[in-house]
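Per TrEMBL, these features apply:
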{"type": "COMPBIAS", "residues": "815-830", "note": "compositional bias 'Polar residues'"}
{"type": "DOMAIN", "residues": "50-136", "note": "domain 'Ig-like'"}
{"type": "DOMAIN", "residues": "155-236", "note": "domain 'Ig-like'"}
{"type": "DOMAIN", "residues": "246-330", "note": "domain 'Ig-like'"}
{"type": "DOMAIN", "residues": "336-423", "note": "domain 'Ig-like'"}
{"type": "DOMAIN", "residues": "427-515", "note": "domain 'Ig-like'"}
{"type": "DOMAIN", "residues": "528-626", "note": "domain 'Fibronectin type-III'"}
{"type": "DOMAIN", "residues": "631-728", "note": "domain 'Fibronectin type-III'"}
{"type": "DOMAIN", "residues": "733-829", "note": "domain 'Fibronectin type-III'"}
{"type": "DOMAIN", "residues": "830-924", "note": "domain 'Fibronectin type-III'"}
{"type": "REGION", "residues": "815-836", "note": "region 'Disordered'"}
{"type": "TRANSMEM", "residues": "937-956", "note": "transmembrane segment"}
Amino acid sequence: MSYHYRLDGGSLAISSPRTDQDIGTYQCLATNSLGTILSQKAKLQFAYIEDFETKTRSTVSVREGQGVVLLCGPPPHFGDLSYAWTFNDNPLYVQEDNRRFVSQETGNLYIAKVEPSDVGNYTCFITNKEAQRSVQGPPTPLVQRTDGVMGEYEPKIEVRFPETIQAAKDSFVKLECFALGNPVPDISWRRLDGSPLPGKVKYSKSQAILEIPNFQQEDEGFYECIASNLRGRNLAKGQLIFYAPPEWEQKIQDTYLSIYDSLFWECKASGKPDPWYTWLKNGERLNLDERIQIENGTLIITMLNVSDSGIYQCAAENKYQIIYANAELKVLASAPDFSKNPLKKYSVVQVGGDIVIECKPNAFPRATISWKRGIESLRQSKRVFLLEDGSLKIYNVTRLDAGLYTCIATNQFGVAKNTGSLIIKERTVITVPPSTMDVTVGESIVLPCQVSRDPSVDVVFVWSFNGDVIDFKKGMAHFERIGGESVGDLMIRNIQLNHSGKYLCTVKTTLESLSADGDIIVRGPPGPPEDVRVKHISSTTCQLSWRPGSDNNSPIQIFSIQARTPFSVGWQAVSTVPEILNGKTFNATVVGLNPWVEYEFRVVAGNSIGIGEPSKPSELLRTKSSVPALAPTNINGGGGSRSELIITWESIPEELQNGEDFGYIVMLRPVGSTTWTKERVPSVESSRFIYRNENIIPLSPFEVKVGVYNKEGEGPLSTASIIYSGEDEPQLAPRGTSVQSFSASEMEVSWNAIAWNRNTGRVLGYEVLYWTDDSKESMIGKIRVSGNITTKNITGLKANTVYFASVRAYNTAGTGPSSPPVNVTTKKSPPSQPPANIAWKLTNSKLCLNWEHVKTMENESEVLGYKILYRQNRQSKTHILETNNTSAELLVPFEEDYLIEIRTVSDGGDGSSSEEIRIPKMSSLSSRGISVLEPSIHFLSVVLTIFVVLLFSHLYDE
């Protein structure tokens, strides 16, 4: 090391490098206490390019049509070069095409066929990228000869790729081929073995360069360039040979071996040509002796000693490169030691099981192993074995095998011991495994999984469904774990079809894992039928076909067909042929349809479990039209004006009209006549027709029939009905009208019936009109009675008010003249004050009541008497006792409470009731009887008023 060569960490720095002295191959050696290692080789070279010589270049003379080559002649250099040419003073480089080509191998400019525009000066430019320098050569003049034009000639290849080219793996290969000729030759490429060119190849614009990126073994072979024109062709060929520097397939690894052991190392590398191998230890070539054997990439060292420790390298080399694989060999020598690998403190096994107690102390060379149980040495038997690695294995363990076990390890450097305890547990057994079950959808079931176990062993139950573990923590809607420590039953609530499958209960402990399974078959109603199709549609029938859905583990027994129209309430079952559709029937004829109605159909399947979901609806289809089949019903009418016959009927629903242009036909004739009058009513929604004729006699009977028609023709007529023509209003007013008042809110109007005939007008009933003489309110009431009724009670009237009333007859044509008005004054209002100061005395079963007489106001009716309303507590029926006195006696039952009210009676009606009085049952009172004064609200208010007056008087005096 010096100023010129200096180490910077592990890097070598060369100051002011000299091209003549520092060029060459370098290698780094790294050393520490374990050994020395060699690095890859590094080759140092210096890129440069000198200037062109300055002497003038000779003029190149050619005929028009002749090919020419202008030489570049690069100066001395090292490193990759790139070439370009300029023409005259144009700063742009000469553009290559199928007539001009600049070779990046020779640097020369090739013109396949000279044209007059090519005459001028050409200059070659060279760039060395590594040296970061460009140089320019002297210009070369190109002139055209005047002794004629060059005729056509066959191609002559001037740029050829070598006959043999070594190409590295993954390299970028470039082949050049260019020819002179007249006409300008075309360039093409091919492989001589007939195989196609790789799809990854690329061409230059003129096809003069073939590029093969990422060169691989399969790209190796002979390639040919063909230059052709009208005069002939010329060929150039060469071989691409694949090579690859070494690459590791298997490297050596760090190895730690005991003294006296043997080392076996192998390294492998691929490459073309095949690499050869060299072994180094601590940077120096490994010398062979009787312990050390080397064969290609294999190194064997027997009877290792500590001095064999160090850093080893396997070098793989071919003529293109050398690579190294590195590893450390450490030869160990020590007494047995349990500090890193002690015996397991507690080993647990079940009765009847097998146990291995490992004993693996660190010992170099390997230790000899022996075992003790307690203080007794263990010997091999039918159940006890000492394994090759020193571990102890006991088969078919019993309770007697429990205790302390000691491993004793010995080699020439010393002895070591280590002890562990063996604990015996009872085996876990699944006593109640899951069973196979056949259930119906919607049920809730329990799959059992119960075990017997050692009390000190914890068990975990894990359930799986069709191979997937059930995670109860995720709150699954149907699955629930139930049971205690030894019970792991699975409850499935509201089981569904998708719960069919295999259920596995796995019982896990720290010592073992065991499982049992059961199958559940869930049966349910069938799935929806599929692919419902409708065809062959007539006015009343169509044909349906379908495919059955899933039977959900229960065979399909029956199908039914349902239909829906714009007029139906939801889906309705329809009649079919055959009438019963068993589980193997997949088509049927639907009958009984209405003509000219849009239908949708669906199919429902059933099995022993129930009826399944319906299929998807079929497409919406309309039945064909036909003549209406249903005649109108409820033919009625009558009334109206004179010269009118009003006819009514129930209209035919749209779904029964059977086609377009639907309407009604009305047939009528006077009773006794033989000639029918026919009228058409084209409105679909019509239910009424008025026939007008000035010659019709009022209230004349007519026979009437109503029929139907549509675009297809006329349908049936109804049966004949007798309907009367319109009539005149009644001509007579009722006589003998009178009115009387029964209470403050009620009056009765009466009159004499009218004896009518056809001339005076038919009477269907009477209309009572009533009003007051108070013009401000203009109250008018109107009530009708039918038939021969000649009285009418009118309620809801005002008290002490004059009411007027009048009566008139009515019929279908209207009302007749009114009778002269009569009047009456309604009674005064009933007393507003209820009976007060009610007292009662109960002796045995006799109840005596007393109260004060009610005084009425000027606008109220005089009290005529009193009503006692009484009922038993548990019954709703009320009994009434009337009296003109202010006292009364009642007999009451022994075991019942009584509820009593008292109200006034007057011309204006019943007055207000007292508060309800509860008379307790006799059994709750003493036998000597009891007297009670029930204060009324009125009484309490009087007492309160007296108290307030006295209080204010006292304050005033003070």
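Every residue, even glycine, has its Cβ placed from backbone N, Cα and C.
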Long-range environment of the compositional bias 'Polar residues' (815-830) - Cβ separation under 8 angstroms, sequence gap at least 6: 729-735, 737-747, 749, 751, 761, 763, 767, 769, 773, 797-809, 859-861, 904, 906-912
Applying the under-8 angstroms CB criterion, which one of 50-136, 336-423, 427-515, 528-626, 631-728 scores highest with the domain 'Ig-like' (155-236)? 50-136
With DSSP helix as H/G/I and strand as E/B, how many residues of the domain 'Fibronectin type-III' (830-924) fall in helix, strand and coil? 3 helix, 49 strand, 43 coil
Count the residues of the domain 'Ig-like' (50-136) that DSSP assigns to helix (H, G, I), to strand (E, B) and to coil, and report the three numbers in that order. 3 helix, 37 strand, 47 coil
Taken over the domain 'Ig-like' (427-515), the model's mean pLDDT: 89
